[in-house]
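Undergrad: According to Swiss-Prot, the protein has these features:
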BINDING   Gly88, Gly90, Arg91, Lys111, Asp123, Gly124, Arg174, Arg181, Asp256  ATP binding site
ACT_SITE  Asp246  active site, proton acceptor
BINDING   Asn247, Asp256  Mg(2+) binding site
Amino acid sequence: MSLHIPFEARYAALPDRFHAQLAPTPVSAPGLIKVNHRLARELGLDPAALESPEGVAMLAGNAVPEGAVPIAQAYAGHQFGGWNPQLGDGRAILLGELRHADGALRDVQLKGSGPTPFSRMGDGRAGLGPVLREYILSEAMHALGVPTTRALAAVTTGERVLREQVLPGAVFTRVASSHLRVGTFQFFAARDDLDALETLCDFARARHDPEAETALDLLRGVIARQADLIARWMGLGFIHGVMNTDNMTISGETIDYGPCAFMEAYHPDTVYSSIDRHGRYAYRNQPEIAVWNLAQLATALLPLIDADQDRAIEVATEAVHGFADLYQSAWLDVFRAKLGLATAREEDAKLAHGLLRLMAEAGVDFTLAFRGLAEGQEVARKLYAQPEIFDAWARDWRARLAEEGVDAETLTARLTSANPAFIPRNHRVEQAIQAGMAGDFAPFHTLVAVLERPFDDQPEHAAYMAPARPEEAVRETFCGT
């Protein structure tokens, strides 16, 4: 057993204005919560070594592995539409990059690892609750087939952090295709630093779009990835809650799970985040906000797209406007799969929207409504206060399926593979967090294990499928930073 970690330092090799180099701040008594064994092995790491005292010390920030060049990254961003020219990693430190089994590089970052030059008077630490939440949510999203940052490990620090109350401290090890954000490009564009912008564009293309030859190609790649990502969110009833430009990745991965939530009773205007008082990031608004964010990326890239500003604006605008068709196509692919359809017809959008309208009118649980389609009409119709309304929709659905000549067994397989039985329901996440705060991590471990197999029948965990009872319901979520 050894803790040899072959870190590369690609981003740390960029000029100093891209980052601040500093070591994590040690903690007093690091303790292991969980190491993600499968992900560790995919990164060429020995899980047992990570769980050793030496490994836990590294995961807590008490020891910097040989080859790592720890840095905090600089970026800016629009937060709820308001411009902030100086954000950056205020409580996170990038250790370096590792080569994944798929051949691509992955960032390895410690969150809650102490103050940095970007902390803006913060302590640079993370509470246990947000660390457990990000572990649960990011790994659940991965199992659900959504591009996302990953959870490699979570450790306690033996220290306390002061927020609205005193909380146990923790450090989260996040793995990502990169931590490049729309806000990273905005940071340099706002400073008219064309050299840095070109360097960043070259880095991003090499990392995420190796076939892209220009900044416009990079922009188009980001637009396509984000269209696919948002469609996947919508297909799960997922609400990110804080779609600021510093929380939109160039890679197309979901990042930063602070106030996110999964809808239970379906309504397109649903908001959970306590800080989203005007519903800017409501479920229905997510595609529109994605376009707004991508327009900010396009604006940042204008000097690299064409020396003629009018021409640059013209082609960048055309690229951003292309999001609508890409998103609509991806959304239809997602919802066709959720309806068990393997072919495309013009009327499919009407069929999907028709069911969503019924779900909204009846306040039906989003996840159970779609999973119920696999369990037969008698099960599905009972979710509605007026089952006959569902029956009318189901006749059109069955007629559409008949066009494909699909047999019952194949249909069931299609539906169960596209519609999860288990999602990280807000009350279950909260229960796991509260138990962990009291020193009991068993509910956390159980929930993580259940969510590793979201599409499988798990009769022994059937209770995890159920929506919250009124007294359990989580109606508001918090950033928790």
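Note that the numbers count up from 1, one per residue, in the order the chain is shown.
Using N, Cα and C of the backbone, Cβ positions are placed for all residues, glycine too.
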Undergrad: Which ones are near Asn247 (Mg(2+) binding site): of the binding-site residues Gly88, Arg91, Asp123, Arg174, Asp256, which have a Cα within 10 Å?
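TA: Those close enough are Asp256.
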Undergrad: If you measure Gly88 (ATP binding site) to Asp246 (active site, proton acceptor) at Cα, how many Å is it?
TA: 9
Undergrad: Can you tell which of the binding-site residues Arg91, Asp123, Arg174, Asp256 lies nearest to the residue listed as 'active site, proton acceptor' in space, using Cα positions?
TA: Asp256
Undergrad: Please determine which of the recorded positions listed here (Gly88, Asp123, Arg174, Asp246, Asn247) has the lowest count of neighbouring CB atoms within 10 Å.
TA: Asp123
Undergrad: Ten-angstrom check, please: count other Cβ atoms within 10 Å of the Cβ of Asp256 (ATP binding site), all chains counted.
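TA: There are 23 of them.
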Undergrad: Quick check: in three-state DSSP terms, what is Asn247 (Mg(2+) binding site)?
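TA: Note: Asn247 (Mg(2+) binding site) is helical by DSSP.
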